[in-house]
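The feature disulfide bond is assigned by TrEMBL to B:Cys151-B:Cys155. The Cu cation binding site feature in TrEMBL is assigned to B:Cys151, B:Cys155, B:His242.
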Amino acid sequence: MGLLGFFSTEEEKRAADVRKGVVAPTRAERQKCWEARDGFFACLDANNIVDPIKEDKAAAKACRQESAKFEENCAEKWVVYFKQWRVQDIQKKRRLAELEAQGGIKMDVNTDFTARK
Amino acid sequence: MLQPIAPMRALLRITLPRAPAQQCQRLLSTARNTHTRRPTPGCLSPVQSRQPLVQRRFKFKTVEEAKSRYRSGPFSWKAGGLFVLTGAGLLWYFEQEKERMHRKRIAEASKGVGRPKVGGSFDLITQDGKPFTDNDLKGRYSLVYFGFTHCPDICPEELDKMARMFDIVQAERPGVLVPVFVTCDPARDDPAILKEYLSEFHPGFIGLTGTYDQIKAMCKAYRVYFSTPTEVKPGQDYLVDHSIYFYLMDPEGDFVEALGRQHSPDQAAKIILDHMKDWKGQLKTA
């Protein structure tokens, strides 16, 4: 039991360090953070919330679990960064859609997180 | 040309009244033997004009040959094939040359006088703590990327991409490309942290760090923008803004081309390999 307890505190300590930005996350930790982020953003999309910083009350109400998971698995700075990135990315996509509707020429620019071949 | 015609004309004058058509025919056959296929003036006499020069067309050995020629005109499968092949060959050659010249223009845009100089001398240390300067990159192509280990999304993705690019290039030209990662966050990214971070991407990556001033000089030389937030308290987390291009440098340390987010690893690797093919100077391998 003691060994298990030791491991769990060790893990917790590591997770806390990642959240605080004391250590850089590993690949696995990054992956976990990105998945939590995608889950949170999907929930925001489902509830028509664009900016989780400005609309923090609505976001907390609609996506409490997802938000908690996001904050648990990502560094605090990353949480803020991704939230800001979301707003910018949505604005960018809207603007691009507008331009395309006006007959703009689309260029090959990748803005999402999906890896390319 | 004139010499064989003169005696023929004489011959014609004698024989023409009796058998004009026959004579002319014979004359033509002799004319062909002596490589004159022009109508001789004698055959165009008023008497002759009533008999058309049908016989002139009979330069075929068999009737089949003549029929085939009549049907297809001057076109034959052999001629058509040759035409298409030559055309395709020329087209391919011109396209190749066009691409090569395009790459040459890109590669040479940063060489010579009056060009913005990207790259230059630097003095940093690797993830193993060994000194590393621009001289260690000479003789090979290098792919330089700037980032930091606490980077949330773009750097890790781009480093994965760089690993795939490097593998593709390695498979074709082993040892000719050096992949380099330079940290923009020297305050936190010491060699040990870099080593651990890069080991998750590719064992072949060279990670470089140094003092803040050394990194600043390196970024300035490569025209890389980066900004560390000011007034960071010890232990406080922060993100670093920085340019996200891969810088392809030639074996002399000159900038060749910037590869960006728009290139897939395959596309980027192809661009690198094509530049390598164009390189005429010396290359180190292994």
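For all residues, glycine too, the Cβ spot is worked out from N, Cα and C.
TrEMBL labels come from automatic prediction, so no person has curated them.
Other than B:Cys151, B:Cys155, B:His242, the residues of this chain whose Cβ falls within 8 Å of the Cβ centroid of the Cu cation site are, in sequence order, B:Phe146, B:Gly147, B:Phe148, B:Ile154, B:Glu158, B:Cys184, B:Val240, B:Ile244. Secondary structure from DSSP puts B:His242 (Cu cation binding site) in a beta strand. Recorded residues B:Cys155 (disulfide bond) and B:His242 (Cu cation binding site) have their alpha carbons 10 Å apart, per Cα-Cα distance. B:Cys151 (disulfide bond) sits 10 Å from B:His242 (Cu cation binding site), taking the CA atoms of both as reference points. Taking a C-beta cut-off of under 8 angstroms and a sequence separation of 6 or more, B:His242 (Cu cation binding site) has the following same-chain neighbours: B:Phe146, B:Gly147, B:Phe148, B:Cys184, B:Cys219, B:Val224, B:Tyr225, B:Phe226, B:Ser227. Around B:Cys155 (disulfide bond), taking its Cβ as the centre, 24 other Cβ atoms fall within 10 Å, counting all chains.
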